[in-house]
Amino acid sequence: MWLQILSLVLSVGRIDAAPPGQSRIVGGYKCEKNSQPWQVAVINEYLCGGVLIDPSWVITAAHCYSNNYQVLLGRNNLFKDEPFAQRRLVRQSFRHPDYIPLIVTNDTEQPVHDHSNDLMLLHLSEPADITGGVKVIDLPTKEPKVGSTCLASGWGSTNPSEMVVSHDLQCVNIHLLSNEKCIETYKDNVTDVMLCAGEMEGGKDTCAGDSGGPLICDGVLQGITSGGATPCAKPKTPAIYAKLIKFTSWIKKVMKENP
């Protein structure tokens with residue numbers, strides 16, 4: 001029954017396939033089965049990604065916040081029953097205390113999405129079962145290096161201009177860029193708690209519905225997908241990711257205080 005409900009929530013073409021301020025995978029490929037066992041789908045009014053960092057904890061983007069969530073683990077295809085598939089509800093969510101959903105700029109006086117501190121922890125209702133298709137991934141212990149080869153993944157749109165959910169988990173290989181490259185596009189909205197990643201020639205990018213998913217650079221989880229330009233994958237418009245090394249103390253504190 002819940003797969004039928006999920007099918008309704010994620011109906012092809014629905015605008016709510018991604019939340020406001022979302023990041024959106026284009027130019028990628030179908031991930032090898034069970035190659036991203038820490039990847040989860042976070043289902044509320046929208047579709048987001050997430051990362052299993054502990055059997056009881058998922059990290060995702062703060063702008064994926066909702067009053068109710070379902071977390072799908074061990075899935076390659078969102079719409080098919082699979083042997084490693086698990087489902088968990090969320091006991092409690094913890095947005096980063098310094099996250100501000102919208103800001104007003106002096107130039108336009110229009111609210112825009114602020115990607116600073118765009119992280120949220122989800123405490124699962126019961127621990128995930130660790131299997132061949134469901135595994136945790138460690139938090140980073142070292143700064144990522146500019147120029148690193150990175151992999152982003154998600155079930156977000158594969159079309160730069162349309163919000164159409166991908167049935168199969170998609171992967172895309174991109175590079176970690178200097179923050180200056182994102183500053184050229186997003187101006188003062190880029191800070192040292194963010195990572196900039198993509199391809200300057202365009203054609204490869206995260207897209208609608210990928211928010212909250214992992215950015216893995218040289219085999220290490222370094223970022224969480226936050227946001228980017230619309231349409232996705234345009235030249236000279238890399239995407240922004242939350243820089244996890246800046247938040248490990250907060251993550252560990254929340255997990256310790258909420259056993």
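Count begins at 1; order follows the chain as displayed.
Cβ coordinates come from backbone N, Cα and C, glycine included.
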Per Swiss-Prot, cysteine bonded by disulfide to C182 (from C171, C196): C196
According to Swiss-Prot, the disulfide-paired cysteine of C232 among C207, C217: C207
